[in-house]
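K.L.:
Sending over a structure as C-alpha cells; questions will come in a sec.
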Amino acid sequence: MAKKKGEEQDFEEEPNFDDPEGFVDDVSDEELLGDFLRQKPCESDGVENVIVVDNIPVVGAARFPKLKGIIEKIFKNAGTIVNVHYPKDEEDNTKGYAFVEYKNQESAEEAVKSLNNYRLDKHYTLLVNRFADFQKYSDIPKEWSPPQPQPYKVQNDLYNFLLEADAQDQFCVVSETVPGSVQVQFCQNTQPEPTELLKRERFTDTYVKWSPKGTYIVTFHKQGVVVWGGSSFVKVNKFAHSNAQFVDISPCEQYLVTYGPNGQKIVIWDIRTGAEKRTFVSDGMSNASMLRWSHDDRYVARLVDSQIQIYDTTTFFLLDMKSIRVEGIRNFSWSPTDNIIAYWVAEEVDVPAKVTLMAIPKKTELRTKNLFNVADCKIHWQKSGDYLCVKVDRFSKSKKEKKDKKDSDVKFLGMFYNFEIFHMREKDIPVDSVEVKETILAFAWEPVGSKFSIIHGEPSSANVSFYETNKGQEPVLVKKLEKKVCGHLFWSPRGQFIVLANLQMGTFEFVDTNDFSIMKTGDHYRASEVEWDPTGRYVVTGTSGKAKEDQGYYMWSFQGRILKRVNLKNFMLFLWRPRPPTLLSDAKQKEILKNLKKYYSQFESKDRLRMTRASKELIEKRAKLREQFTEYRSKRVKEWEDQKKRRMQLRNNVDTDTLEADPDNVEEEIVEILVREDTTVIE
C-alpha cells in the first residue's frame with residue numbers, strides 16, 4: 001500500500017558486502033576467469049602458426065612462379081595457408097628458404113610432422129621447422145645438467161606364448177555380451193577341455209585381428225586402434241586414427257597400416273615406436289588402393305593410375321624416386337618369399353594381354369607371358385613361393401552392349417579358363433598351361449607341397465580336380481572327385497589334408513590327398529567360417545552373423561571327428577593365434593621326422609597321463625556339481641514340505657500333491673498316436 005506524501009517510509013537495511021576483517025581471498029584469477037584469460041593476446045600469437053621451409057631450390061624471377069606453385073601445392077595438404085613469403089636477394093633470386101603462415105597452430109604442427117624431410121626431387125629434400133623453435137633452441141643454457149635417471153621399466157615378454165612346453169596353440173573367441181559390449185576370451189587349446197587364459201569385457205568396439213606371426217593383437221575403437229601383447233595382453237601402443245575401419249600388419253610385424261573411412265587417409269605406423277611413417281589419401285577403399293608388402297618389410301607398394309608406386313621403408317620415399325608406369329595394368333601381387341612382383345596388363349586392340357614378373361629393386365623383367373582373348377586374370381602365389389598360378393578367364397568372342405549414348409558394356413561369350421603355372425625355382429621360369437572348359441568355382445594351392453586343387457562345373461554337382469606339379473614336368477591330373485556339392489577349399493597349413501566345404505548347406509568333407517580317401521563327412525548348419533590351427537591338427541567351423549539360432553563353433557580333428565560343440569549366444573569370431581616360422585633348418589626337420597618313431601612312446605605316455613589327470617579332474621568336478629545339486633534339491637524339498645499346510649488351506653483341505661490323493665478329480669484319457677504305417681504289396 002502506497003504511503004501519502006510526507007509520511008515517513010520504512011526501508012529494509014541493505015546487506016553488508018564488505019569482506020570481514022582479516023579475510024584472505026584464496027581464489028586465483030585463473031580459476032575465476034579461466035575462459036576469459038585464455039583469450040588474452042600473447043607474444044607468440046601468429047608466430048605459432050608459421051613454419052620455416054629450408055633447402056628449397058634457388059631460382060630466378062623466370063622460374064619463381066613454377067616453384068611457388070609446387071611449394072604451395074605440397075604444403076596446402078596440411079591446412080589452409082594464409083601467406084607464403086620467399087626472401088630474395090638483390091638479383092631477385094630466392095635464398096633457398098621460405099616462411100609459410102597457416103590459419104591455425106594445428107595446421108603448422110601437422111606440416112612439420114608430415115612434410116619434414118619431404119623429397120622434392122633427387123637433389124632437394126625439404127627441412128621443415130616451427131618458427132617458434134628458433135627461440136627455444138637459442139635459449140639453451142650454456143651449462144649442461146645431466147637428466148634425472150628414470151626407473152627401469154620391466155618390458156613384457158611378447159613371445160611368451162611360444163614357450164608352452166606341449167606346443168598347445170592359443171585362440172580367441174569374440175562375442176557380444178550386451179549390445180555395444182564386445183567380449184574377447186583367450187584360451188589355450190588343452191585337451192579334453194580348453195583352458196581359459198584371460199577374459200576381457202569391452203576389449204574392442206567391433207572385432208580383433210592377430211598380427212601375421214601372432215606377436216600382437218589389434219583392437220578397434222572410435223578414436224583409433226590399440227596394439228596389445230605379452231602373456232597378459234598389456235597395451236604395447238595406440239594409434240590415433242578416428243573411425244579406422246580395418247588394419248593391415250606387415251609380414252615381419254614392423255609396420256601397421258590403418259585405413260580410414262571412404263575419402264580419408266591411410267596411415268603407415270611404426271608398431272614399436274608409434275611414429276607415423278607415411279600417409280596416403282584413400283580412393284574410396286577399392287582393392288587397388290590397398291598397400292601391399294614385400295615378404296621382408298623392405299618395400300610397400302600400391303597401384304595408382306596405371307602406375308606401381310614402390311616405397312623403400314628405410315626412407316619411405318619412392319624407389320629410385322619414380323613410379324613404374326605400366327599402361328593398362330589391372331593388378332599386381334608380391335611373392336610371399338622373394339622380392340618379385342607379378343602383374344597383369346589388360347588386352348588392347350592388336351595388343352595381347354600379358355603377365356610379367358619383375359625383380360625388385362632392379363626393376364628387371366624376369367619373365368613375360370602373352371595371353372589372348374582375356375576377360376580377367378587372378379594371381380595366386382603358392383605360400384612357399386615355388387610356384388605362381390595365374391587364372392585366366394578367356395572368351396571365344398565378345399560384343400558391346402550399349403548402356404546409353406556414351407557408355408557401353410562388353411559382353412563375353414564362350415567362356416573357358418586357363419591356369420598358367422610359373423615354375424619360379426627353375427631356370428628361365430618355364431610356364432605350363434592347364435585348360436578347363438567348365439566354370440571355375442574355387443582354386444587353392446597346397447601351402448606346403450606341389451599340388452593345387454580346382455572346383456569346376458555347376459555348383460549343385462561340381463567336380464574337384466587335384467593336379468601335381470613337378471620340376472621339369474607339366475602339371476598332371478592325379479585325382480578327380482566327381483559330383484561334389486561344395487564351393488570352397490581349405491588346405492591344412494601343413495599340406496596333405498584338405499576340407500571341401502559347402503558353406504550354404506554347412507557340409508564338410510575331409511580328404512587325405514596322399515591316397516585321396518574321404519576320411520569323414522560332417523555338417524555344421526549355417527557355418528560361415530572355417531579356420532585351421534597353425535599346426536594342421538584341428539579345424540574350427542563357426543556360425544555367426546545373421547544366424548540368430550545355434551550360434552557358436554565346432555572343433556574338429558584333421559580327420560573330421562567332432563571334438564567339441566560350443567553354443568555361444570551372439571558369437572562373432574573365432575581366431576587361432578598364428579605362429580612364426582620355425583627356426584629349424586630343413587635338414588634338422590628331416591632328421592626329426594626320420595627319428596620320430598622313438599619319440600612316440602614319450603608322447604603317448606604324456607598323453608595318457610594328461611588324459612588321466614583330466615579325467616580325474618572331470619570326475620571331481622562332476623562330483624562337486626552333483627553334491628551342490630543334491631544340497632540345493634534337499635533345501636527346496638524341505639521348503640515344499642513345510643508349505644504343505646498352507647497348500648491344504650488354499651485347496652479346501654484337499655491334498656493335491658499326488659494323483660492318488662484325490663481320485664475324484666482325476667480323468668483318464670486314452671490317446672492313440674500313429675507311430676508307423678507299413679504297406680505290403682500282395683501280388
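Even glycines carry a Cβ here, placed using N, Cα and C.
Okay, these came from Swiss-Prot:
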COILED    611-638  coiled coil
COMPBIAS  9-25  compositional bias 'Acidic residues'
DOMAIN    49-133  domain 'RRM'
REGION    1-25  region 'Disordered'
REPEAT    199-238  repeat 'WD 1'
REPEAT    240-279  repeat 'WD 2'
REPEAT    283-321  repeat 'WD 3'
REPEAT    324-359  repeat 'WD 4'
REPEAT    435-477  repeat 'WD 5'
REPEAT    522-567  repeat 'WD 6'
K.L.:
Looking only at the domain 'RRM' (49-133), what are its DSSP counts of helix, strand and coil residues?
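P.N.:
Taking the domain 'RRM' (49-133) as a whole: 28 helix, 26 strand, 31 coil.
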K.L.:
Please work out the mean pLDDT for the residues of the repeat 'WD 1' (199-238).
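P.N.:
93, rounded to a whole number.
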K.L.:
Counting by DSSP secondary structure, give me helix, strand and coil numbers for the repeat 'WD 3' (283-321).
P.N.:
6 helix, 16 strand, 17 coil
